[in-house]
């Protein structure tokens, strides 16, 4: 051991003392993620609010960690959640198992499942790390209507995927789908009121006044 060896060790220490620290002040200062970052999943919607997920379970089959659980159900004319024949009634992702590989995104045929930039998934409860459909669904934006409701962008599922994405939506000329539904309901109530009024006999010739 040379006499200068201790000074060499301190030289490394002193040289780093005057360098700018690289510690990130998290969570006060969060680093921006890459555009194609693999974060928390999101279930997307169509412009009218219907869900893109058709309950095919291809994402669950593609998951190498067996982290996705899907139960599909049939749509009806009264209860429609997606343009297709089926929708995802139950959708769960277990983030205790998920490795954020993105294979489920590649397997999805309708682009219903994408990955967001949200990476803050730590929790002290195992149950809270099993995300349900309500937690994964994208929030309703302006012009969207909460399902179940009829199809607003066409008469079949094909119309939803063949429409021009740059074309204006039907309700952009007027109001939102919910406003159209309210107007239709008000028109129906007004028509019923008019029919009821027609059935009431008018007081005049040939009618008796109540005593």
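We number each residue from 1, going along the chain as drawn.
Cβ coordinates are placed from backbone N, Cα and C, and glycine is handled just like the others.
Per Swiss-Prot, [4Fe-4S] cluster 1 binding site is recorded for 53, 56, 59, 108, and the stated evidence type is sequence analysis. Annotation comment: Swiss-Prot describes 63, 98, 101, 104 as [4Fe-4S] cluster 2 binding site. According to Swiss-Prot, the compositional bias 'Basic and acidic residues' annotation covers 152-166, 192-211. For 179-191, the entry in Swiss-Prot reads compositional bias 'Acidic residues'. Residues or ranges marked as domain '4Fe-4S ferredoxin-type 1' by Swiss-Prot on the basis of sequence analysis: 43-73. The domain '4Fe-4S ferredoxin-type 2' annotation in Swiss-Prot covers 89-118 and is backed by sequence analysis. Annotation comment: Swiss-Prot describes 21-41, 141-211 as region 'Disordered'.
In this structure, 98 is the one among the binding-site residues 59, 98 with the smallest number of other Cβ atoms inside 10 Å of its Cβ. Proximity of distant same-chain residues to the domain '4Fe-4S ferredoxin-type 1' (43-73), defined by a Cβ-Cβ separation under 8 Å and at least 6 residues beyond the stretch ends, is recorded for 80-99, 101, 103-114, 133, 136-138, 140, 143-147, 149, 151-153, 160, 169, 177.
All chains included, 24 other C-beta atoms sit within 10 angstroms of the C-beta of residue 104 ([4Fe-4S] cluster 2 binding site). Here the candidates are the binding-site residues 98, 101, 104, and by Cα distance the one nearest residue 59 ([4Fe-4S] cluster 1 binding site) turns out to be 104. Mean pLDDT of the predicted structure over the domain '4Fe-4S ferredoxin-type 1' (43-73): 97.
Taking the mean position of the Cβ atoms of 63, 98, 101, 104 as the [4Fe-4S] cluster 2 site, the remaining same-chain residues with a Cβ inside 8 Å of that point are 59, 62, 64, 65, 67, 68, 93, 99, 100, 102, 103.
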